[in-house]
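Structure first, commentary second.
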Amino acid sequence: MGRTLAEKVWDAHVVRRADGEPDLLYIDLHLVHEVTSPQAFEALRLAGRPVRRPDLTLATEDHNVPTTDTLLPIADPVSRAQVEALRKNCADFGVRLFPMNDPDQGIVHVVGPQLGLSEPGMTIVCGDSHTSTHGAFGALAFGIGTSQVEHVLATQTLPQRRPKTMAVTVQGELPAGVTAKDLILAVIARIGTGGGAGYVIEYRGEAVRGLSMEGRMTVCNMSIEAGARAGMIAPDETTFEYLRGRPNAPTGADWDAAVEYWRTLATDPDATFDHEVVIDGPSLSPYVTWGTNPGQAAPLSSPVPDPAAYADPAARGSVERALAYMDLVPGTPLSDVAVDTVFIGSCTNGRISDLRDAADVLRGRQVADGLRVLVVPGSMAVKAEAEAEGLDEVFRAAGADWRSAGCSMCLGMNPDTLRPGERSASTSNRNFEGRQGPGGRTHLVSPAVAAATAVTGRLTAPADL
């Protein structure tokens, strides 16, 4: 019987299997940052254990780092302590670290791919929900907790129960102006924030194949927002061309052998998925979230939903609570909703193509009066590339604030936050209550919509400028 992509990668990494027990998986790449690793390293230290494979472990500072004044000490004592702990732990255990201001520093899920560390057929873990980003390469990548971080550091293995498989097929081509971010928001709105629970989602279809690698990373990044364990896309020529020549990618005969193997990482024609979802690509349009979870999303051209339209009492109550927090009135056109802040960045949309999309919209235009716009590259390498292309000048000329690399306003763990009652259009991945700061209200959008919103001061599709 045929196997899915996820099943092939899983089976290739099982080092121990026993009835009634989780499979023991070998881990090819372990990514580490300052927030979920201190307790794990300390547990190793207390037990007198080394890191099993420091050569397969990479750390970077991203969550807590400021994106301005990066040459000064970190002001917040908790953030400073976590960053200092990571530096000491990496030095003590021989783990490679990209600290603030290092040319390779950045958000962990941006750094791995740009260095060619994320490759098809790998197992990749990190103490971070959005590790599924790396599934865009045909890797099985998922987030883990701090105790699991310790287990991987100590053994390079992880006990896991085999997940179910789901296919999300996006048929046809995406219309002009519709991006990977719109696609994944539409998927989550369709299946819900729990629709992927217990599954590894494989994204398929013409629309998915038409995405760039960076677009594919955006899609896989938000798989966790549908409740999925991971998201994957089978590798193809787009994947190979992205990886070719990157610092840690194979070369010469090793490259040829790798590509030959990578070509086998496709779901077999006779394989079956546990669940399948089909979405019509040509019918999609720019999406925006209106509520307090990523599944509460709709086309930007639609109105704020009416709770009365929901027959299920639980769903109706959820919508009522979300609208109360977001301070939105049912029936209001989403395109009339004004914002105070625009954030362009994060591991979802902080790559060079995202910045190019935003710059294309802002070029020759001005940010609306009184609006705060933060543009934060996902890594120092992305920052350097954007500056070499003059994108920073486009953003500054428009009135946006060009920052250094980091997670920034994606989450309220660093100086870049919303004030209570402020509303943002954000290219990040979560719009939970208080996610960007206590009392902050978040609308998730694509970089292009974020840039158009920056011009008008209200949620706007670029086509409407």
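Glycine is no exception: its Cβ is also placed from the backbone N, Cα and C atoms.
What Swiss-Prot says about this protein:
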- Cys347, Cys407, Cys410: [4Fe-4S] cluster binding site (BINDING)
- 416-443: region 'Disordered' (REGION)
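What Swiss-Prot annotates, mapped onto the structure for a quick look.
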residue : record                        : CB count, 10 Å
Cys347  : [4Fe-4S] cluster binding site : 27
Cys407  : [4Fe-4S] cluster binding site : 30
Cys410  : [4Fe-4S] cluster binding site : 29
Extra residues within 8 Å (Cβ to Cβ centroid of Cys347, Cys407, Cys410), [4Fe-4S] cluster: Asp62, His63, Ile107, His130, Gly345, Ser346, Thr348, Gly350, Gly378, Gly406, Ser408, Leu411, Ser428, Asn429
Residue counts (helix, strand, coil, in that order) that DSSP gives for the region 'Disordered' (416-443): 0 helix, 7 strand, 21 coil
